[in-house]
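*Asks:* After the structure tokens below, expect a handful of questions from me.
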Amino acid sequence: MEKPRPLWDNPLQFVFACISYAVGLGNVWRFPYLCQMYGGGSALLSCYLAKPSGEGKKKKVLMAVGQRMRRGSIGAWKMISPYLCGVGVASVVVSFFLSMYYNVINAWAFWYLFHSFQDPLPWASCPLNSNRTGYEAECARTSPTQYFWYRRTLNIAPSMEASGALQWEQALCLTLAWLVVYLCILRGTESTGKVVYVTASLPYCVLIIYLIRGLTLHGAVNGLIYMFTPKLEQLANPKAWISAATQIFFSLGLGFGSLIAFASYNEQSNNCERHAIVVSLINSTTSIFASIVTFSIYGFKATFNYESCMNKVILLLTNAFDLEEGSLTADNLGAVRAHLQAAHPQQYAELLPQLRNCSLEAELDTAVQGTGLAFIVYSEAIKNMEVPQLYSVLYFFMLLMLGIGSMLGNTAAILTPLTDSRFIATHLSKEVVSGLVCFVNCVIGLIFTMEAGNYWFDIFNDYAATLSLLLIVLVETIAVCYVYGIRRFEKDLHTMIGHKPSWYWKVMWAFASPLLIISLFIFYITDYILTGTLQYQAWDATQGQLVTKDYPGYALAVIGMLVAASTMCIPLGALLTLLWRWLRRE
């Protein structure tokens, strides 16, 4: 007899699991970056707030599919139509790619967390050179936080061609990260259901602490003014709207198979409609909340850098022209510089290369996303706070909770279809299957701990789950509406939630969702074509900055394989099913 399917202890566990999965690192670093890119948060927030209910419709569909079929992604789509088995396989492949590199972020968070207990923080100042006569040359050309990230953490190679050696410290941190994930998923919903209470709630506690501290920082108001000051011309920029839709699309985790996997452990009578809307709204609200925290800290960092720049210029001019101490201030700096230039043109011209043009607006305009925001900008701000060790520990612990919460969903998308297989369930226990998945991911993930590993990380982050994910969700939406049938699906929802969905939901499922996904797909294809040769940012230690380089041929081949490996599963699955049925008739 088939074993009864495990269930969540209560509906709240399912909601917390979805929140823990959906609210991740993208809310902390991707959304604030988009706010900064497109003319302040208000311009993008108007786009973002228009989306939650619309994107919730896709979330509702996927939750309902998992809850109704009570299978992982492969089994659920195969039950809808045998020709759709490739859709489930494609979701598993994308989740596998995501797990391979995503846990590296948790490894970096562990690395920074361990170093956060030092006094002073190791990224607070540059280390001395071997002769102890000055600072390390590379650090002197950049900043202590960038040096710690690129040299001490990544020990980054100058290009992809120089793959370099394995960094054993990062390899150990990655092993620890996978061990933590394994312990969290060891017993399936029995263990995951307990962990999600922590991974879903603790980040909010840390964000609240950071909000209180951030709002009291000098210059925080500058960051918030920048965030909420609209540049209305950006509303006419289609990229702003596309970026808003793309952000929430990927933030909700559509197409990975995680939502189907989580929902498959629900009772049939669970109200998936209410949960889909709640999770979508919480996800959107968290992005805004995290942006307020980020921009308050960003304002503090920008103000600190601006005032430091001004003080250096004032000191330089005071010493060079023997001015009375205190006579030169930030308020009269412009007028005094103009006077000195007119009165002492030759001396001023000799000094000019050392005089920086200090601008608060320029500091705020510097857009940084991804790992740069998480590990460079935040650590730069933290080192200038009082009791920096405390805020450093809190911040990187929060990153760990967000990362582990997302990894629970990623691994569930892989493990649920595997444990649903009768062959695997008969021969291997759930603990062994979980261990094998974690072990394989960990071994392959060691690539990202090499000296050129960060470049491979960027490739997986940019290309492993973009075009392929859009195609998967498009096929899923069409499959539910036009293969399974909107009326049949409507009856299933009535059975599960007690009422039929309104006409709004049906219009969104059948028409709006496919049109939105096709629009995003066309935008990405057009953007790739117009971009031309794909390039990446490499760290140049001699200049102390990032430089742009073309991807080598083998990297382009890997990019093509990443996209094809998942997307080709859909037609191949249908073709193999057709061939199998034809052979059985013979």
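The backbone N, Cα and C atoms fix where each Cβ goes, and this holds for glycine too.
Owing to the predicted nature of the structure, the values given are computational and were not obtained by experimental measurement.
The transmembrane segment annotation in TrEMBL covers 12-29, 80-102, 168-186, 240-265, 277-300, 393-415, 436-457, 463-486, 507-526, 554-580. Summarising the annotation, TrEMBL assigns Na(+) binding site to Ala22, Val23, Asn27, Ser251, Asn283, Leu402, Ser406.
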*Asks:* So, does the transmembrane segment (277-300) come close enough to the transmembrane segment (436-457) to give 3+ Cβ pairs below 8 Å, pairs being at least 6 apart in sequence?
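*Replies:* Result for the transmembrane segment (436-457) with the transmembrane segment (277-300) is no.
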*Asks:* Do the transmembrane segment (393-415) and the transmembrane segment (12-29) come together with 3 or more C-beta pairs under 8 Å, pairs six or more apart in sequence?
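*Replies:* Yes, the transmembrane segment (393-415) and the transmembrane segment (12-29) are in contact.
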*Asks:* Counting CB pairs under 8 Å, which listed stretch among 12-29, 80-102, 463-486 touches the transmembrane segment (554-580) the most?
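*Replies:* Per the Cβ under 8 Å count, 80-102.
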*Asks:* Mark yes when the transmembrane segment (277-300) and the transmembrane segment (12-29) have three or more Cβ pairs under 8 Å (sequence separation 6 or more) and no when they do not.
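*Replies:* In this chain the transmembrane segment (12-29) contacts the transmembrane segment (277-300) - 3 or more Cβ pairs sit under 8 Å.
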*Asks:* For the transmembrane segment (463-486) and the transmembrane segment (80-102), decide whether they are in contact, meaning at least 3 CB pairs lie under 8 A, counting pairs 6 or more apart in sequence.
*Replies:* yes
*Asks:* Just counting, how many other CB atoms are there within 10 A of the CB of Ala22 (Na(+) binding site)?
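*Replies:* Counting Cβ neighbours of Ala22 (Na(+) binding site) within 10 Å gives 27.
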*Asks:* Give the sequence-ordered set of same-chain residues, not counting Ala22, Val23, Asn27, Ser251, Asn283, Leu402, Ser406, with Cβ within 8 Å of the centre of the Cβ atoms defining the Na(+) site.
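*Replies:* Surrounding the site, in chain order, are Ile19, Tyr21, Gly24, Leu25, Gly26, Gly253, Thr286, Ser287, Gly405.
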*Asks:* Which residue among the binding-site residues Asn27, Ser251, Asn283, Ser406 has the fewest other Cβ atoms within 10 Å of its Cβ, if you could check?
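*Replies:* Relative to the other binding-site residues in Asn27, Ser251, Asn283, Ser406, Ser251 has the fewest Cβ atoms within 10 Å.
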*Asks:* Around the Cβ of Val23 (Na(+) binding site), how many other Cβ atoms lie within 10 Å? Please give the count over every shown protein chain.
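*Replies:* Summing over all protein chains shown, Val23 (Na(+) binding site) has 27 other Cβ atoms within 10 Å.
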*Asks:* May I ask which residues of the same chain, at least 6 positions away in sequence, place their Cβ under 8 angstroms from the Cβ of Leu402 (Na(+) binding site)?
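*Replies:* Expected: Val23, Gly24, Leu25, Asn27, Val28, Thr199, Pro203.
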